[in-house]
Amino acid sequence: MLAASGLVAQNIAFGIVALIMIVGALRVVTTKNVVHAALWLVLVLAGAAAQYLILSAEFVAITQVLVYIGAVTVLFLFGTMLTRAQLGRATDLNNKNWALGIPVALLLLGTLVYVLIDSFHAEKLVDDPKDVPNVTTQQISDSIFRPYLVPFWALSFVLLAALIGAIVLARKD
Amino acid sequence: MFALDPLLLGDVTWGDFAVVAVKVGVSFVVLLVATMFMVWFERKVIAGMQNRIGPNKAGPFGLLQTLADGTKLFFKEDLLPEKADRFVFRLAPFLSFVPAFLSFCIIPVGGDFTDGNAGKVRLFGHTTLLQVADPPIGVLLGLALSSIAVYGIMLAGWSSGSKYPLLGSVRASAQMVSYEAALGLSVATIFLLAGTMSTNGIVLGQGGLRNWNIVATGVIPFVIFMLAATAELNRPPFDLVEAEQELVGGFNTEYSSIRFALFFLAEFMNTMTMSAIIVTLFLGGPQPISIGSWTADVHLGPFTGTFWFLAKVLVFLYIYIWFRATLPRLRYDQLMDLGWKLLIPVALAWFMALAGLKVAQNAGWGGGAQALGMVVGAAVILACFGLLRMATRVSARVRAEEGAMF
């Protein structure tokens, strides 16, 4: 979809950022240090933010930074430091059910590919940067809170359930 | 989409490019020099409040004290603890230093906001805004950068390979993440009123004292923002990150030489940037003080706005120093209680109330209906607070029965 031939600089930038993201993602799962893994994850998430910027979706990009880098990964690191803060290599990092991740990852990939192809078909980005549709933050919020309000609510209930579940698990009584 | 600066609309010439380069260079140098004087100012003011003289040997009134300290730090040995994580240890100071610089880019440090000029000034034949960048998501960028600055402190403590710095950084991450929520919620009220996130747009909407956001949002968001910002900066009375009595020096215990200096500079730079953000968001930034038709007249050509901006920022810098000199440090549970049980619920309730009022106005409700709506809203909020208090009381009693100590 990003293969519009007029946007040379954007295509090159996309390639470079994508490469960095792939390397980062591989290092997340191969590094022997939990904190380093979290830092590589930051690189991957920052790469995703950079991709949004290349698509000139600066609101989504900054939200990505705020939520994933600024909150989620900070909480990862906080939890790690609170529980197992040793420096250097850890030996027991691999969960013995790690192989289960492969079908899940493939399933996710399949779903994403299907959804993308289904909604865009052979649509391409326009060649001339001046013709790129200008989607504002307001349009994003209008579509979240009008046609997609019910999925949005469903998602927030999932999060609420996860939150309550975590509290129930953590409480002693 | 990224540059609403009139300079960059249409074809960009080398001259426009030079103006942008000059803006970046000037803000870099000015921020560094200002940080130097901020350190001097803080030491001098605290000395005054404690009946001491303060630095007075290096240069007139000790103005060059920071320069002398900095030079000394440059020539000190740079120690690297044996158990440190080398790469992260070296990276951490930059993670707190660079965001401190970047977040200053979005602040309009001057400009003419009268007569529909929208902050544009003419300098050397170019029409431009007196800010490095004015992205449409301006204030969010500031929040994002302050959340990245958490990494600097957190990783510094972890990578030192030592217990006290680790404790300092665990405290830091919990504190900064909790107060970011209150910070964001109080800023949201401003987005609601201004209808934009661009700093230029927010300042533009604050002509006249009654439109300053501190008045227009009803003071409470300002107080919450001020408290949360102080906690976010790890300044007293919220400086548990570097509580000397408990943690030796906090997250930067193992740092020495120029790496320590970077943390030190970043802290003061963040104080200045945060003061500038408060002024921009709540006090009209470069807008002059004007009540009704009366305006305090200062004529300095294109730099009139800069005068007002600097005057307001100086007030906040003084307030921050005042905090440090007078307020005792909070205990850790008090800090968390203040953040989660007071600031966040109040900020949320205030935001909802303002949103309700705005909706009522947009729907064209009369004065009586609006007042009724306010009463109902207040009742709902009070009921929610009552429930929240009951919940916290119950959980406190349960913990007390389990033998927790407070």
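Placement of Cβ uses the backbone N, Cα and C atoms for every residue, glycine included.
Note: TrEMBL annotation is automatic and uncurated.
Annotated features, as they stand in TrEMBL:
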- B:20-41: transmembrane segment (TRANSMEM)
- B:87-109: transmembrane segment (TRANSMEM)
- B:137-158: transmembrane segment (TRANSMEM)
- B:179-199: transmembrane segment (TRANSMEM)
- B:211-229: transmembrane segment (TRANSMEM)
- B:260-283: transmembrane segment (TRANSMEM)
- B:303-323: transmembrane segment (TRANSMEM)
- B:335-357: transmembrane segment (TRANSMEM)
- B:369-388: transmembrane segment (TRANSMEM)
Within-chain partners of the transmembrane segment (B:179-199) [C-beta distance under 8 Å, separation at least 6 from its ends]: 4, 106-108, 131, 134-140, 143, 146-147, 205, 213, 216-217, 221-222, 224-225, 227-229, 231-232, 238, 280-282, 285, 339, 343-344, 347-348, 350-351, 354-355, 358
Dominant neighbour of the transmembrane segment (B:260-283) in B:87-109, B:211-229, B:303-323, B:335-357, by Cβ pairs under 8 Å: B:87-109
Paired segments the transmembrane segment (B:211-229) and the transmembrane segment (B:369-388) in contact, 3+ CB pairs under 8 A: no
Positions on the same chain near the transmembrane segment (B:369-388), where near means CB under 8 A and six or more residues out: 341, 345, 349, 352-353, 356-357, 360-361
Cβ contacts under 8 Å made by the transmembrane segment (B:20-41) with residues that lie 6+ beyond its boundaries: 7-8, 55, 62-63, 65-67, 69-70, 101, 104-105, 109, 128, 131-132, 264-265, 268-269, 271-272, 317, 321
For the transmembrane segment (B:137-158), sequence-distant contacts whose Cβ falls under 8 Å of one of its Cβ atoms, 6 or more beyond its ends: 85, 88-89, 91-97, 99-100, 102-103, 106, 165-170, 172-173, 176-177, 180, 183-184, 187, 190-191, 197-200, 202, 232, 234, 241, 250-252, 255, 263, 266, 270, 277, 281
